[in-house]
Amino acid sequence: MVLPLVSRWSARVLWASPGWRRTYTQRACVGLKRLGCPRGVYSPLAHRAYSVVAGGPEVTLTPERYPVQRLPFSTVSEEDLAAFECIIPGRVITDPEQLQTCNVDWLKTVRGCSKVLLRPQTSEEVSQILRHCYKRNLAVNPQGGNTGMVGGSVPVFDEVILSTALMNQVISFHDVSGILVCQAGCVLEELSRYVQERDFIMPLDLGAKGSCHIGGNVATNAGGLRFLRYGSLRGTVLGLEVVLADGTILNCLTSLRKDNTGYDLKQMFIGSEGTLGVITAVSIVCPPRPKAVNVAFLGCPGFAEVLQTFRTCRGMLGEILSAFEFMDTECMQLVGQHLQLTNPVQESPFYVLVETSGSSAGHDAEKLTNVLEQVLNSGLVTDGTMATDQRKVQMLWALRERITEALSRDGYVFKYDLSLPVERLYDLVIDLRTRLGPRAKHVVGYGHLGDGNLHLNVTAEAFSRELLGALEPYVYAWTAEQRGSVSAEHGLGFKKKDVLGYSKPPVAVTLMQQLKAMLDPEGILNPYKTLPAQA
């Protein structure tokens, strides 16, 4: 079916193949309820995450690059290893080669020196492990898919790595309510396939979906590409099972949409980055799968036109608008240079990706066509292409989703994940290009325009303290002046913990530290992360 677009668009229409249903990474899952990233599935992010040590120069140890001192935790002894082996026989990993990839973040910016990786399969095993670590004063680093951007998922020193990779079972799914209950180690992409087979979708979608775990998504309160339509995880997560620092299992794994009894304890752990407890299971509500998905990829002559295009789309598309992403021309050049992806439209200063999701293919296509005609005739858009076929939709989305991968191949990346007023979203990029000059290879901006989220990235040939000094605290102070947030969706982790004060008042920071001290008095859970050290 060819959509009835205006003549200037007709040559670029990508037409539908209604019978096509599988994404380009889909493979058969072993079993109905056991989920994980199966062998043979290509995930750019997973590939990068697990080749950083073998395929490139050794990453500098975190304490050698950052000013951080080891806290007085115990070190793992032979007796500790024997105790772990009793709890999870055959799943205590001490092989240095296997530990390498778990000690390094996928961006190759931080590296720990943990000597042991633990792979529990149940919440009870996690409880026994933490009970032992609590008594022995052993620091613990919870780890999911290790796709974090701020160094929160790898050890800083020699913390015990507690992996959720084998906790990958779907516990239940209700095909009327759409409520999914699963273990924390389920890979997001595999969960997406599981619920899609039942005519539902996950309420979040990330570029790292082929590797990231749902527990890590919740622990970092990940935003992603569906935030505009379905909101944050704070609204879609119904319940959690969490193991506290001393091994206590907190079972708040409710599947109720409404529960107004007492404090909503799960909210403490959403976005806590593993510092308050280890999430072991999640209850989440999944929206019905849209019957029709359309994507338009457009070129805009300036950022003012990007803003006006968003305003037009929001006004004319209403409830079917599910994503509105933007990127600058340097992003497009980098995905072409490093990933050989082809620009489907004429070269432009800015590009936007518009997605609609609804229940009527004809109705949605007509609405989107009217929008495209409007923005084209008004000069807001200079060129564009549209897709309704799932394969073509995935190809257009790849231009946006793989920007991070392209940047990682351009050199060392200084990454900033900021919330700003939409009208000021790109001003910081322009400002930094002038400020940094030739010291930076590229200064690029892209992100989720619909929720005011800028991903600001600066690449260089190698890590440079001079360049870091020019960026920080300048970026954070600039953001604070606009009453923005220094972390929109990536969290604070290790690298951003000391800038919390740019977004939160001292009273709020103190209260967070008191909460941490109450739930984890020995401070063994993900130390050196999320909160600034107390004086």
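Glycine too: its Cβ is placed from the backbone N, Cα and C atoms.
What Swiss-Prot lists as transit peptide is 1-50, and the listing cites sequence analysis.
If you look up Swiss-Prot, you'll see 110-289 marked as domain 'FAD-binding PCMH-type', on the strength of sequence analysis.
What Swiss-Prot lists as N6-succinyllysine is K115. Note on K115 (N6-succinyllysine): other Cβ atoms within 10 Å of its Cβ, all shown chains, come to 18.
Annotated (R)-2-hydroxyglutarate binding site per Swiss-Prot: R400, T404, K415, N457, H490, in sequence order. R400 ((R)-2-hydroxyglutarate binding site) counts 25 other C-beta atoms within 10 Å of its own C-beta, drawing on all protein chains shown.
Swiss-Prot lists R400, T404, K415, H490 with the feature (R)-malate binding site, giving similarity to another entry as the kind of evidence. The DSSP secondary structure for T404 ((R)-2-hydroxyglutarate binding site) is helix.
When other Cβ atoms within 10 Å of the Cβ of H490 ((R)-2-hydroxyglutarate binding site) are tallied across all protein chains shown, the result is 23. According to Swiss-Prot, the feature (R)-lactate binding site maps to R400, H490.
As annotated by Swiss-Prot, Zn(2+) binding site applies to H448, H455, E489, with the evidence given as similarity to another entry. Sequence-distant contacts of H448 (Zn(2+) binding site), defined by Cβ-Cβ distance under 8 angstroms and a gap of at least six in the same chain, are G223, L225, F227, L228, A323, F324, E325.
Taking CA atoms as the reference points, R400 ((R)-2-hydroxyglutarate binding site) and H455 (Zn(2+) binding site) are 12 Å apart. H490 ((R)-2-hydroxyglutarate binding site) carries neither a helix nor a strand DSSP state and counts as coil. Most Cβ neighbours within 10 Å among the binding-site residues K415, H455: this distinction goes to H455. When averaged over the domain 'FAD-binding PCMH-type' (110-289), pLDDT in the model lands at 96. Considering other CB atoms within 10 Å as the measure, the emptiest surroundings among the binding-site residues T404, N457 are those of T404. Close to the recorded Zn(2+) site, the chain also has G223, G224, D417, G447, D451, N453, L454, A488, H490: residues not among H448, H455, E489 whose Cβ is within 8 Å of the site's Cβ mean position.
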